[in-house]
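According to Swiss-Prot, the protein carries these features:
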type    : residues                                         : note
BINDING : 108, 109, 110, 111, 112, 130, 131, 132, 133, 139 : NAD(+) binding site
BINDING : 135, 182, 266                                    : substrate binding site
BINDING : 182, 262, 278                                    : Zn(2+) binding site
C-alpha cells in the first residue's frame with residue numbers, strides 16, 4: 001500500500017482555520033494609567049507616537065498621558081466625528097510624522113478612529129478608554145458615520161488596553177449604564193446567532209457564544225454593585241467589555257455581541273441621530289428581542305431599570321412611533337446577518353411589542 005494511502009487525516013476531511021487577533025497587554029484598575037509607559041516599553045515600541053483624543057479629554061487625561069510620555073516623541077491631535085474624511089485626515093497626519101503606534105485616549109469615537117487608521121496603515125494602537133459606554137474598547141470592529149447612517153467596518157483590535165477605573169468611574173453615570181446595557185445585549189445576540197444557524201445554516205463558535213453569554217449573565221448578577229457607579233463598578237464593567245471583545249475576536253466577527261438588538265439600535269440612531277446613546281438603544285432593543293424570543297424579558301428589563309438605563313421610548317426621550325419604525329426597518333441594517341428582527345413583523349405586532357415595554 002502506498003504511503004499516501006496510510007494518512008490518518010485524508011485530504012479535505014478538516015479544513016477549518018482561524019487567525020485570532022487579541023490584545024497582548026491588558027492593564028485595568030486603580031491608577032492603571034500610570035502603567036502606560038511600562039506597557040509601551042513592554043511592547044518594544046520605539047519611534048514617533050500619535051496621541052488621539054477628544055477636545056475636552058485632551059486637556060485632562062490627554063495632558064497626563066503627555067506628561068507620562070515626556071521622554072518620547074509624541075504628537076497629539078483632536079479627532080472629530082468618525083467619518084471617512086476624518087479618518088483620511090488622521091491617516092495623513094500619522095504618515096507625515098511617521099507614527100509607529102497610536103494611543104487612543106477617550107470614548108468610542110476616538111477609539112474607533114484609531115482602530116480604522118491603525119488597520120488602514122497597518123500600525124498598532126493602544127486603547128485608553130475614559131468611559132465604559134460600549135464594548136468597542138476591545139473589539140476589532142468600528143462604526144463609521146455616513147450620509148445613510150452608521151456602518152460597521154473591520155478594523156484592528158488594540159494591541160494593548162489601559163483602563164484606569166478611577167478615570168472611568170469619574171465619567172457621567174449615564175455612560176457606564178449604557179455600557180452595561182451593551183453587555184446585557186449579548187443575551188439576545190447569542191440567541192439570534194443560534195437562530196441563524198437553524199434558519200440559514202450559518203456557522204457558529206460555541207466558545208464565543210459561551211463567553212458572550214457568561215458576560216451578559218455576570219452583568220445581570222452584579223447589577224446591584226454596578227449601580228453604585230464607583231471604581232468597583234467600573235472594574236466589573238470594564239472586565240465584561242474586554243471579555244465581550246475577546247468573544248468577537250474568537251468568532252472573527254461581532255456576531256457574539258451583536259444581533260437584532262444592535263440592528264434595531266443602529267436603525268434608531270439613523271432615525272434620530274444624536275438623540276440616544278448606542279448602549280441605551282441596544283438595551284431597549286434587547287428587551288424587544290427577548291420578548292420576540294419568548295425569553296425572560298422582564299429579568300432584562302428589571303436589571304436595566306436597577307442601574308437607571310432606559311427601558312421604554314419615553315425613557316429614551318423619543319416617540320413610540322419612532323421605535324415602531326425602528327423595529328420594522330431594523331432588517332435593513334446588515335441584511336446578510338439573520339436575526340429575529342428579520343422575521344416577518346407586521347405593524348400591529350410592532351405596536352404590541354412597544355406596548356409591552358410599558359408593562360409592569
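Any Cβ shown, glycine's included, is placed from N, Cα and C.
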Residue 262 (Zn(2+) binding site) versus residue 133 (NAD(+) binding site) - Cα distance in angstrom: 14
Among 262, 266, the one of these binding-site residues whose Cβ has the fewest neighbouring Cβ atoms within 10 Å: 266
Between residue 182 (substrate binding site) and residue 278 (Zn(2+) binding site), the C-alpha gap once rounded to whole angstrom: 8
Sparsest-packed among the binding-site residues, when each Cβ's other Cβ atoms within 10 Å are tallied, from 112, 135, 182: 112
For substrate: widest Cα to Cα gap among 135, 182, 266 in Å: 15
Cα-Cα distance maximum in Å, computed over every pair in 108, 109, 110, 111, 112, 130, 131, 132, 133, 139 that the record assigns to NAD(+): 16
Distance [Cα-Cα, Å, rounded] between residue 278 (Zn(2+) binding site) and residue 266 (substrate binding site): 8
Mapped DSSP class for residue 182 (substrate binding site), helix or strand or coil: helix
Entries of 135, 262, 266 which, being binding-site residues, have CA atoms within 10 angstroms of residue 108 (NAD(+) binding site): 135
Cα-Cα distance linking residue 135 (substrate binding site) and residue 262 (Zn(2+) binding site), given in Å to the nearest integer: 12
For residue 131 (NAD(+) binding site): intrachain residues, at least 6 apart, with Cβ closer than 8 Å: 107, 168, 171, 172, 175, 176, 179
